[in-house]
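A quick write-up on the structure given underneath.
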Amino acid sequence: MAASMNSQITTESLIIRLHDVNVVKFGDFTLKSGIQSPIYFDLRVMISYPEIMVDVATLLWNKVKSSSFKTICGVPYTALPIATLMSTAHQIPMLIRRKEAKSYGTKKLIEGIYEDGDVCLVVEDVVSSGSSILETAQALQSSGIIVKEAVVLLNREQGGCEKLASEGIKLHSIFTMGDVLRVLREAGKMSPEMVERVSDYILKNTFQPNQLAPKPKVLGYRERAKLCSNPITQRLFEIMEKKRTNLALSADLTDSKQLLQLIDKTGPYICIVKTHIDILEDFSEDFIEKLSQLASKHEFLIFEDRKFADIGNTVVHQFSGGVYHISNWAHIINAHTVPGAGVIQGLKMVKTQNGCGCLLIAEMSSAGNLATGDYTQATVKMAEENKDFVIGFISVSNLSPDPELVHMTPGVQLECGRDDLGQQYLTPSEVITRRGSDVIIVGRGIYQAPDPAEAARQFQVAGYDAFVARLTEAVIS
Ligand SMILES: O=c1ccn([C@@H]2O[C@H](COP(=O)(O)O)[C@@H](O)[C@H]2O)c(=O)[nH]1
């Protein structure tokens, strides 16, 4: 490793200082790709140590100063302040990539001044699979900016460099995982056993250039059922296995007689009936009794799509009381996380008839919805912290590798498209095979079809085939 231009900073001394301020952590960590790692570099800690930030920015700059670029762009968020330091110290204009395009105003993905064909250097803190650098590079490229090089503090040596090279991006790094292990071992800050454990992990967890990230193992429904501690998810996966279906019927009719007929006809093909009980014109206790009888007859769970979204105290009453007494009959409910964790605590307090699991609405299918980015991530965290009651997500993608958390996706039809009010449709194979969701939720695609039972059968086959394709792909890759 070379000493930097600033004679005070060597990469060795920087590694030791990063270790001493707790940037390097040992344990069991889940990386962005979903795989486990015994070592984690939390470089966000650096912002509390300005002198380290300046040294990192200096080292990065020295590494690339002979390259040719007109602007620099940090991968959000940790690399943003580092890129800012490089920009101000060397008077190189900076660009910022938005994680989501604004839905108002300029709707820009890239902030800052640039012209078509400008060359931009991407700055990042750590690279493992290379996917974060690639996301930023692709956003820049889609705005007409050329990305040929990226610079990173730590290359974890898990295939990111090769992946970026295969996409035409040359990666420069200050140090590698091998350097970290050597320096920390020589300084007596890492035991030989831990060095061996990490080296072994790196050897076994290298990303292939044609793979954005190693796919976590795809489990069958029977295996998932066995892994679930919550009786509702256990039961759901058992039904999915037995009936070979991942189809939830969104039973959005307003007449109870027609609704019961629809459910009876489609019952053999579904694992869940999703209701909006408050749209029924003629709700009665008798309807609930008949719905529960159909649930036993056809073996499906009842999901009331009430979307609780109030403070804990209020949702207690909404769930247990009022006209509908949802807690007496629903197996599954759902909640928005906008009120904070109190909504989960409130719902969890209610005594239920069937035991009840809650899905958190982490993403939505409708155009322009705000359940994205940090909101989605915070929702995933809430789910992981409340697994005694939260059984998964309403989402349009796979958000957690945890086999106990189930993903259910609305906005599904046999062809992609949209309705006039912002609903956006994906196909079963997009949702299940490519995006890794578990359950397709289908409403109008079934109940507005000329023959709803036949439509349900088609969705059952399409959804299940899509799952088998995901299993098969996982085995082959
Ligand atoms: O993000 C969401 C959350 C819930 N829904 C509900 O799913 C069904 C979809 O019905 P389709 O007729 O298949 O469009 C409906 O009950 C929504 O309230 C959703 O669509 N998107």
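Note that Cβ sites are derived from N, Cα and C of the backbone, with glycine treated the same way.
Annotation source TrEMBL lists domain 'Orotidine 5'-phosphate decarboxylase' at 246-459.
Other Cβ atoms within 10 Å of the Cβ of Gln423 (substrate binding site), summed over all protein chains shown, number 17. If you look up TrEMBL, you'll see Asp252, Lys274, Ser365, Gln423, Gly443, Arg444 marked as substrate binding site.
For Asp305 (among others), the entry in TrEMBL reads active site, for OMPdecase activity. Residue density at Asp305 (active site, for OMPdecase activity): 23 other Cβ atoms are found within 10 A of its Cβ, drawing on all protein chains shown.
The 10 Å shell around the Cβ of Lys307 (active site, for OMPdecase activity) contains 14 further Cβ atoms across the protein chains shown. The active site, for OMPdecase activity annotation in TrEMBL covers Lys307 (among others).
In sequence order, Gln318, Pro339, Val343 make up the list of same-chain residues 6 or more apart from Asp310 (active site, for OMPdecase activity) whose Cβ falls under 8 Å from its Cβ. What TrEMBL lists as active site, for OMPdecase activity is Asp310 (among others).
The full span of the recorded substrate binding residues, Asp252, Lys274, Ser365, Gln423, Gly443, Arg444, taken as their largest Cα to Cα distance, is 17 Å. Taking a Cβ distance under 6 Å to any atom of ligand 1 as the criterion, the recorded positions Asp252, Asp310, Ser365, Gln423, Gly443, Arg444 reduce to Asp252, Ser365, Gln423, Gly443, Arg444.
Neighbours of the substrate site: apart from Asp252, Lys274, Ser365, Gln423, Gly443, Arg444, residues of the same chain with C-beta atoms within 8 angstroms of the site's C-beta centroid are Ser250, Pro410, Gly411, Ile441, Val442. Note on the domain 'Orotidine 5'-phosphate decarboxylase' (246-459): its mean pLDDT in the predicted model is 97. Mapped onto three states, the DSSP output places Lys307 (active site, for OMPdecase activity) in strand.
Fewest Cβ neighbours within 10 Å among the binding-site residues Lys274, Arg444: that distinction goes to Arg444. You'll find the Cα of Asp252 (substrate binding site) roughly 10 Å from the Cα of Asp305 (active site, for OMPdecase activity).
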